[in-house]
Ligand SMILES: CCCCC/C=C\C/C=C\C/C=C\C/C=C\C/C=C\CC/C=C/C(=O)SCCNC(=O)CCNC(=O)[C@H](O)C(C)(C)COP(=O)(O)OP(=O)(O)OC[C@H]1O[C@@H](n2cnc3c(N)ncnc32)[C@H](O)[C@@H]1OP(=O)(O)O
Ligand SMILES: Cc1cc2nc3c(=O)[nH]c(=O)nc-3n(C[C@H](O)[C@H](O)[C@H](O)COP(=O)(O)OP(=O)(O)OC[C@H]3O[C@@H](n4cnc5c(N)ncnc54)[C@H](O)[C@@H]3O)c2cc1C
């Protein structure tokens, strides 16, 4: 018997087992048989796992970044998964008050673990990820503390950071208002210096000046970094951050003049409703002068404004930090959805049965592959670009500490652009994974609805994705306009070769010709350069550059996307130039890299054709190659998602279970729904039975 025969037999056997266990379950409910006899311990995906052409354990390390990173993450994942305190399956069914209380309990338990086990900062970050529940602690550690670290003076850091790091105060980041989020310079909250008392008076002069959205503000925070218009001597001196105490440290009640609360339910059940996004108003609340964060500008006792040599953009520095972390988190959210959809696609069968044999696994349909595998490849691409961005951010941070601000504009453009690109793609990708799972993807127990609901605000918070791409566009336009006298560096270095990128066209002649990193990078560079230069030329026609920028903004956004996609493709290719140990690991990643690049090329072929870099024939050859690549991904698909090393707890999905034991578990879960506690639903006797029993003489319907 050939290999395919053996595999057919084992697949059929798995199917029979699975059907048997389903039957046992069905009977358990209907006919009193033993429910426990389902096939616990059987790995329904074992055949798939045997197909792997690479060393899975080595791929896990490549995904994690290093052996140490893998071990650390694995330890934290297991710590959470094995702790019943972090159960999350009932979350979507809880009322808001219960939900928040439950989140506060989990955060307290998490903090206890951090203290008792003396976890490092890195370990705590992984712990937070695997607890998988947005909480006030995210903003305390993720924004309040970084804002003080980045914008505070040494004295301020010395005073506030120990309190915050021991969690003796809880802080949030209160920037956005009811009337303004994107336009930070349009904020209305005022901080007026009173030279008589050496204080600032924090005030909310209008309804629209109410702080609105800050996470952790509603119920948990005792303090906030509040962004407000600085007014000294009756004059406005820009928006700055101020540390303001909101609640008593004794009984947690709001301090006089402070009105604070939660802004209400948000999208989805469970999901981001574990967060107390808040509203805040000040009625002439006084704070000491030294609570203005003064690294960028200082207000003296006499009411003089002193500018340090730090650029004012550093006030936006916390956002740069968080955008960088959001890019890293995009690969986690996307890989999680892809893991669920890939495992389920291998279990799910529809059509194609021959002679009573098994039906086709839906993962074998080319349409399923062409939707799923680019998402899988993107998860890897985002992982590696996130790793690079972390390096870039660390480098900028070190430079800033040494008062070198030269790389700040590029750090801003990269974090803004990549945050936008990766979160938009991930949000759409999670929804695509839901559709890839058919009807069962719509069940909360698939894990996908909650993941989607938690994830989508990432397209808005930390900067609306379009607004951020317009920031990238400003950076690109500036780079193009300076080409005559300034050599572009970093991620825009390719613009230095603009003449050849505008002139030379693609040389690829065969589908195999696309399996060449040089050809791929040049295609993306040429497209990005041509789109940016074209925008520059169009802009030059306007007398008023701002008017031109506004008029051309949709094209500018597209040019920014082209530039950001180039960064992701290049960083993936650069990653592959490193030593990546393990049998078949590098080769498999190369396949994914080409899938990512050629999928983008296919999806955006309009750009590549319109800029004249590619001919329709070359675009078509790229698509031919893409189909071939999907066949190369197919045998490795399950093990590529296993390499994320996600526990079933973290995945939170019956469809994505490691063992693929989907149907019995779905069936079992349905019976756990509170609605099935009784055979006759509450309300039946009041609202249904009277209808059943009514005796209408005629019905008009
Ligand atoms: C259980 C225990 C648990 C323990 C836990 C342990 C650990 C956890 C640790 C960490 C957790 C990590 C992360 C989690 C944290 C949070 C993530 C989760 C939730 C997110 C919450 C969301 C928060 C928010 O949304 S905060 C609000 C964000 N708001 C925005 O993003 C507003 C967007 N708008 C802007 O950024 C700006 O206004 C603008 C659009 C850039 C316009 O600015 P403006 O000054 O008006 O205009 P310009 O003229 O365009 O710019 C002037 C000049 O400045 C340059 N610029 C702009 N921005 C920046 C910047 N950020 N950096 C540097 N430079 C900048 C711009 O280019 C221009 O420069 P030029 O003059 O040279 O051209
Ligand atoms: C879940 C969640 C958590 C949040 N947490 C916090 C927090 O902790 N702290 C905090 O301070 N804030 C927080 N925010 C607020 C968040 O940062 C803002 O909502 C975000 O910056 C977008 O601003 P906005 O709401 O004003 O959108 P708007 O700017 O009003 O956007 C509305 C539309 O207008 C478009 N638009 C706006 N300006 C332009 C332009 N110049 N050109 C073209 N189009 C434009 C946008 O693309 C969008 O389509 C949070 C928001 C959410 C949803």
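Yeah, the Cβs are placed from backbone N, Cα and C, and that goes for glycine too.
The domain 'Acyl-coenzyme A oxidase N-terminal' annotation in TrEMBL covers 55-170. Sequence annotations record features per position, and here TrEMBL assigns FAD binding site to 176, 215. Feature annotation from TrEMBL assigns domain 'Acyl-CoA oxidase C-alpha1' to 316-477. Residues or ranges marked as active site, proton acceptor by TrEMBL: 462. The domain 'Acyl-CoA oxidase C-terminal' annotation in TrEMBL covers 517-693.
Between residue 462 (active site, proton acceptor) and residue 176 (FAD binding site), the C-alpha separation comes to 10 Å. The residue listed as 'active site, proton acceptor' counts 25 other C-beta atoms within 10 Å of its own C-beta, drawing on all protein chains shown. Its Cβ placed at the centre, residue 215 (FAD binding site) has 26 other Cβ atoms within 10 Å. For residue 176 (FAD binding site), the number of other Cβ atoms no farther than 10 Å from its own Cβ, over all displayed protein chains, is 18. Secondary structure from DSSP puts residue 176 (FAD binding site) in coil. Over the domain 'Acyl-CoA oxidase C-terminal' (517-693), the average per-residue pLDDT in this prediction is 97.
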